[in-house]
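So that you can see what the record holds, here are the features copied from TrEMBL:
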- 1-21: compositional bias 'Polar residues' (COMPBIAS)
- 331-340: compositional bias 'Low complexity' (COMPBIAS)
- 350-363: compositional bias 'Low complexity' (COMPBIAS)
- 103-492: domain 'Cas1p 10 TM acyl transferase' (DOMAIN)
- 1-35: region 'Disordered' (REGION)
- 331-363: region 'Disordered' (REGION)
- 536-562: region 'Disordered' (REGION)
- 72-94: transmembrane segment (TRANSMEM)
- 106-123: transmembrane segment (TRANSMEM)
- 166-185: transmembrane segment (TRANSMEM)
- 197-214: transmembrane segment (TRANSMEM)
- 220-241: transmembrane segment (TRANSMEM)
- 262-281: transmembrane segment (TRANSMEM)
- 369-387: transmembrane segment (TRANSMEM)
- 466-487: transmembrane segment (TRANSMEM)
Amino acid sequence: MSSPTNRNTSSQPASSRSIADNTAPVADPLSGSSKDFKPPAAVVDGLSSLNNAIHRFLQRNPLLNQWKSRRAFVSAQGHMLGILLVAIIVNNWPVSYPREDNHSEPMFWFMVLLMGGATAYTLKHKPGTRGVQLLSRAQTEEWKGWMQFIFIMYHYYRNRTIYNEIRVLVSAYVWMTGFGHFLYCDKKQDFSLERMVSMWVRINYFPLMLSLFLNVKLELYYVVPLHTVGFFMTMATCYGAKMIREKQLLGPNFSNSQEKSNVAAIGICLLVHIVFFETPLRGILTWISHEYEFRFSTDKYSAWFGMLSAFLWSRFQSYMQWCYGEDDSGGSSDASTTSSEPDKADVTSPQNKTQKPNKNPQKVQAMQIQRAAGAGLILLWLFGFGMETDKHVYNPRHPYIFWMPMAGWLMLRNSSKYLTELHSTVLEFMGRITLETYVLQFHVFMCRNVQHIPVVIPGSGANGFIILKFANMLVTGACFIGLAFYARQATVVTQNAITELVTDIKKQYGYSDSAAASPEEEQGLVNKPSLTEVVQFSEAPSKDNNDGLFQTPQKDKKDEES
């Protein structure tokens, strides 16, 4: 005997038949037997109408029909919706207590100690195959990772004693924005619409979704516009250098020199900064928000210092090659990479152990000077400025002195070839999700827009047993990190899909950023000295590299903390 579905097949539309025929049998909740289930006619008709509407829409919009990443984009939005729902639920968690009641300086330092142990346990030595790499990508991610961990624990345990240090770490992130994007734009000469859209989406998409769904002012994520402006400012500076060369805006002496045009563009950018931030024009920012005025003023030169550092980076790189181009034991820089698997190269082989120490007195002296200078800069900042307890006294000085401890750290961190090849994998992982951990910490690790601590384990409230409070922090922290990881994946898929759509639209209308080579490209003027790819923090969108430099912590509005 034929089923009802088979009897009515001929009278159904093709799209409706496919839905009905593929429906799996379900158990009858009353009789316990199994029978063929037929969806209600209204559901079938609704799905059929939706399918036909989508088909007609795609027919009318062939560009979207040709968009290869449209399914991935829609899937990513579904994942993002789930992440936002979790953020809404946790942000309004019914059981919580004020964050002020969670103040604990000993617990802050205990967590730092634990992370120090995890860092030591996950240290990985990866010998380079292209000489000494100053501030490699792995080391950069590690740097971002430990700074972000300090930020989060600072907010969670309210350790106000390190306010000045936190300000330096925030500025280090903004410095990376100017540094990474200048290196990329100066080398690649990529000023395309795709580049601008890609980086804007990567920086702004997830924070905007959170702001919209959680009804939160963007001021909570002040660092997002801070880094967005830093990116466009850096790109505009590099593009200005290109125009100075191509259009001879400053005369023929700049037309054949990328170095001279970069100096001119960076100088003009500094002049614009001074005119805006050191005059009453700065008050324009207060029309938007007093919070933005404070934040932009505090880091007014951070991105510019990053651009200046990137401009000088080839000189720093040359010094590193000269000083540390050979192993600390005196062997060749490639002596530890003869294995077919560089990650597993035996750096303690008898061949390396028997090599004679490096006796070059100039190099030894340079190493000692570098280490002493690095320690000296940190101590100078600490005792000269960092121990100031009044933040209203320290903050106005900060834009001019933040570079001192940062430069000192980089000098010490890269004070041997071995150290340049060493990094912690756990911190590297943390460094790859800093944007997501930055915005989600206010709603998932903490709640009620960073003002409360959620309680998921009974007895772990403000006056709870310390072990239970610690366990509560670990549970919420694990969920927080996992959610941030998936948020990054969804954001990257969205970033790549939208960038691809922009490219398709440009092709549809016959527009191309690279229709003809510029005069400087024809003359080969855009080829910079060899800069390793791992130093390029903000590469063009790809499956493996979609990070920009836009992650910094947030402050509590009451006391203007980071």
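Any Cβ shown, glycine's included, is placed from N, Cα and C.
TrEMBL does not curate its annotations; it predicts them automatically.
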Task: Might you confirm whether the transmembrane segment (466-487) is in contact with the transmembrane segment (72-94), defined here as three or more C-beta pairs under 8 A between residues 6 or more apart in sequence?
output: yes
Message: Taking only the residues in the domain 'Cas1p 10 TM acyl transferase' (103-492), give me the average pLDDT of this model.
response: 89
- prompt: Where else in the chain does the transmembrane segment (262-281) make close Cβ contacts, counting only residues six or more beyond its ends and a cut-off under 8 Å?
  reply: 186, 233, 236-238, 240-241, 244, 250, 254, 296-297, 300-301, 304, 307-308, 311
